Amino acid sequence: MEGSLEREAPAGALAAVLKHSSTLPPESTQVRGYDFNRGVNYRALLEAFGTTGFQATNFGRAVQQVNAMIEKKLEPLSQDEDQHADLTQSRRPLTSCTIFLGYTSNLISSGIRETIRYLVQHNMVDVLVTTAGGVEEDLIKCLAPTYLGEFSLRGKELRENGINRIGNLLVPNENYCKFEDWLMPILDQMVMEQNTEGVKWTPSKMIARLGKEINNPESVYYWAQKNHIPVFSPALTDGSLGDMIFFHSYKNPGLVLDIVEDLRLINTQAIFAKCTGMIILGGGVVKHHIANANLMRNGADYAVYINTAQEFDGSDSGARPDEAVSWGKIRVDAQPVKVYADASLVFPLLVAETFAQKMDAFMHEKNED
């Protein structure tokens, strides 16, 4: 009896390890990565992300979601729908999908600025939302460069040398001095126009004015004002722009920025859109400002988040798209995607697989307009 037991594995262990599987649905996707025996083909490599698993698969789903936005956007409007374009109170022509793009300031500090500028230059998005740094860093780069450094550089030594660190990017403090010299006369002019012409300034009007004044095609906001793409920044004073406005208020007080008018305008963009898509890089105010505008239409039809934030602390930055569904900020029948990744790595690849592939279609739309 003892010999027999030694020759047979325990039945309970066998049952636990070799448990029977239910059959998966026939449409289930098999995991398969890119085969480099095919040579180096970057399009095929990025397409293979979709079946690789983990965040690579989320990236593949984000590509599908953004392409769905674009396909909808390029659909022609009926004549009746086109006549209601003025309801958005925007100078932009209404399309079949209004795309909101939000991004945090560090992405403009980085080389993602050039990716965002490409989208704005070619009229591929309709509404921008960013923070103060997301505006000023673009303008400052037109005046002086940002440099690569190291995450490990010591703050004490950098401060002694007048160098500011943004992750592994370095911004000489002299850049902000040049920004002040450029900005102060514009603020003087804005105050004069407010007092003599009755101009009612808002953050979006101010950003458009700065984009016009910088007059540099390397700038995101040069192209935004040129293409009538509104830029909303409800926290416009939270950065160097705010510092300069503060200093200017002593020299030439009285400038007023009306955020209520901008609130009406961004919400109106969502309310009267045929459908909407959200692409949000990072979290915080840019993420929620776009999502809350889309609440006014019972949610966005398409949504892609790219950030590294987690939801366990209850922050809006880390909240998954499904939380936004519960608030009515994304529609219940939508298929939103969150990619848990650094946007500086992922976003250019996403644009390469989506907007950049549709360049000819966007150029055709522009020529027709």
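Cβ coordinates come from backbone N, Cα and C, glycine included.
Per Swiss-Prot, the spermidine site holds E136, E137, H288, G314, S315, D316, E323, A324, V325, S326, W327, G328, K329; the candidate it also names there, chosen from D181, D243, D360, is D243. Per Swiss-Prot, the residue annotated phosphoserine among S78, S317 is S78. Across the annotated binding residues for spermidine (E136, E137, D243, H288, G314, S315, D316, E323, A324, V325, S326, W327, G328, K329), the two most widely spaced Cα atoms sit 38 Å apart. There are 10 other Cβ atoms within 10 Å of the Cβ belonging to S326 (spermidine binding site). Taking only the Cα positions, the spacing between A309 (NAD(+) binding site) and S78 (phosphoserine) is 41 angstrom. Shown in sequence order, F179, G239, S240, L241 are the residues of the chain, 6+ apart in sequence, with a C-beta less than 8 angstroms from the C-beta of E136 (spermidine binding site). The two recorded residues A343 (NAD(+) binding site) and D316 (spermidine binding site) have their Cα atoms spaced 17 Å from each other.
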